[in-house]
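The block underneath contains the structure these notes are about, expressed in structure tokens.
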Amino acid sequence: MIDNNTTTTVNFIQTSKSLSDDLAFVSQNILIYLPLIFFIFGFIGFIGNVFTYLQPQLRSNTCCIYSLCGSFIDIINLSINSFPTYFLAKYGIYIPWYLSLTPCKLNTFILVFFPHLSINFLCMAIIDRFAITCDYTSSIRRITQLRMVPWMIGLTVLTSCLFSLYAPINYDALFGFLCISTQPMLTSISYIILIGLVSPIIMIIFVLLTYRNVRRSRGRVGDVVQKNRPNLRNQFIVTIFAQILVTSFITLQWIIMYTYFTFTPIATEDPVDLSIIIFVFGLSNNLYYLNNVKAFYISILTSRVVRKEFVSGLNNLYRRYIR
């Protein structure tokens with residue numbers, strides 16, 4: 001005769017096996033398509049951003065220039081770091097980065113550098129909006145001049161390079177084919193701090209500073225004089241605020257999961273818990289690439305100026321086609 005404890009144990013085992021099978025099914029049949037979906041929407045957004053930000057009214061706006069640079073980095077990151085994982089998971093096709101020491105270090109640098117550079121261009125956009133809201137006599141407003149843009153872009157690229165150097169330093173090709181970190185804990189801590197926390201914290205600080213400046217500037221005479229004119233500054237501030245809010249959420253959910261995966265001894269977990277952790281980790285990692293997809297769609301939803309310029313550009317393109 002089977003007692004209640006035995007029945008409960010059998011049901012638990014069956015439920016656990018069913019859950020593991022369901023997670024494996026979702027991973028193998030749904031999650032593997034996320035890189036492809038993200039690349040398609042990212043490419044559409046990239047074309048939309050290029051088309052919009054090159055319109056006459058926006059092409060000389062420094063905030064739009066940084067956003068356009070970020071769009072180029074977004075599509076590069078999706079093409080190099082995200083989209084190839086679809087071919088690997090679906091067809092077993094991959095670029096053999098790990099066959100020697102140099103490609104291993106180059107690959108790890110690229111894997112860290114491009115996502116970080118994309119977020120840093122968003123940082124530059126909010127710093128630019130902060131500068132434009134400062135007092136007219138403030139020296140920081142000089143960075144909003146067009147002649148300063150190449151220097152600021154160069155500084156952004158240089159900073160991203162320096163913050164990403166820990167990856168090639170700590171990774172090596174072992175046994176001739178395996179590219180792994182020689183100091184896993186140091187590498188993980190460096191990634192969490194330098195890549196996962198510094199940029200979101202900087203962006204949130206400048207969001208608060210910009211918000212403070214906007215509130216202070218409402219009583220300025222210059223703003224009162226221009227109150228009936230189209231306010232591009234405030235339009236882009238709202239858009240950049242929305243971009244940063246979404247970026248911070250996407251980044252922090254990944255960093256939290258990465259931190260848990262790094263510091264929790266998952267080898268001691270039971271098979272069901274382990275399958276859940278691996279599934280959530282893979283999902284979180286895929287969702288991190290939404291940072292490279294969202295820019296155009298958030299701009300369209302939050303900025304009347306961007307919508308207007310995008311529609312105007314489409315109308316001009318249609319008229320040329322008809323002619």
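Including glycine, each Cβ sits where the backbone N, Cα and C put it.
For reference, TrEMBL has these:
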| type | residues | note |
| --- | --- | --- |
| DOMAIN | 45-299 | domain 'G-protein coupled receptors family 1 profile' |
| TRANSMEM | 30-51 | transmembrane segment |
| TRANSMEM | 63-89 | transmembrane segment |
| TRANSMEM | 109-127 | transmembrane segment |
| TRANSMEM | 148-169 | transmembrane segment |
| TRANSMEM | 189-211 | transmembrane segment |
| TRANSMEM | 236-260 | transmembrane segment |
| TRANSMEM | 272-290 | transmembrane segment |
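Tertiary neighbourhood of the transmembrane segment (189-211): same-chain residues 112, 115-116, 119-120, 122-123, 126-127, 129-130, 133, 163-164, 166-167, 170, 237, 241, 244, 247-248, 251-252, 254-255, 258-259, 262, selected by CB-CB distance under 8 Å and a gap of 6+ residues from either end. Model confidence over the domain 'G-protein coupled receptors family 1 profile' (45-299) is summarised by a mean pLDDT of 86.
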